[in-house]
Amino acid sequence: MTDFNIPFEHENNTQYIPMITEEKDLRPYEPIPLEYLKAFKDMWADPGIQKTVDRGNEFALHDNLSYFFEDLDRLFTKEFVPTDQDVLRARLRTTGITETHFDLGSLQYRMFDVGGQRSERKKWIHCFENVNALLFLVAISGYDQCLAEDKDGNQMQEALMLWESIANSHWFKHSALILFLNKIDLFKAKLNHSPITKFGFSDFQGDTTSWQQTSKYFMDKFVALNRSPGREVYGHFTNATDTDLLKVTMASVQDMIIQRNLQRLIL
């Protein structure tokens, strides 16, 4: 708020600043102290806070903040147990490499989640020679958002640069390229008030309010960066919080991986 010169409309809300900025050390399963509930509610209702949230794309504000703050009473109950949606909308910054094993249908997968921030990339780029598939996840809604580590950067431009370097890296020359343009729901919601041409994508020639045209524009930009003519990019528009859509998408991905493995066996 200070950076944008936006004051609290209700001056008494300044009393909560020391409480909010304190890094409370909570043990696992320890609830957030109840005195935070009133502080969170009062501050969230302050028009000054809402004006700042509206400019969240300028300082990499978590886009699920509203989801949690609009349901504070439930989150503060003693019986609170996170729902699937709560878990899907929570975010933990990825650092290093996290390996997960899971079964999908009759196949077992080993998935490696890597950090996308600049400082993390050098830790993992060399670790994945000959992986079956590279799943590259991009928040398509990030076209108007800055980077957490660089307020002058742009999330989509950064993703395009990273994709180009990875898609054409010798480490992944035998891997299937699967591109997820995620958060399509948030993307659709912001187009009317945040046209893509305002954020460096001035070569777009279509209707800036059409999610079909603008999403295709971004998909085409990623696909065009693949410099291997014989290798296909499998692109999907997704919303990770829509589990039904994700099931259909992952079934398609699984079929593609199986087909590629069968082709390798035949060859």
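Glycine is treated like the rest: Cβ placed from N, Cα and C.
Copied from TrEMBL, the annotated features are:
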type	residues	note
BINDING	88-94, 113-117, 182-185, A240	GTP binding site
BINDING	T94	Mg(2+) binding site
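Around D185 (GTP binding site), the same-chain residues at least 6 positions away in sequence with a Cβ under 8 Å from its Cβ are N239, T241, D242. Sequence-distant neighbours of N182 (GTP binding site) (same chain, six or more apart, CB under 8 Å from its CB) are L137, V138, A139, I140, T238, N239, A240, listed in sequence order.
Its own atom aside, the Cβ of L88 (GTP binding site) has 17 Cβ atoms within 10 angstroms in the protein chains shown. Within 10 Å of the Cβ of R91 (GTP binding site) there are 9 other Cβ atoms, across all protein chains. Mapped onto three states, the DSSP output places D185 (GTP binding site) in helix.
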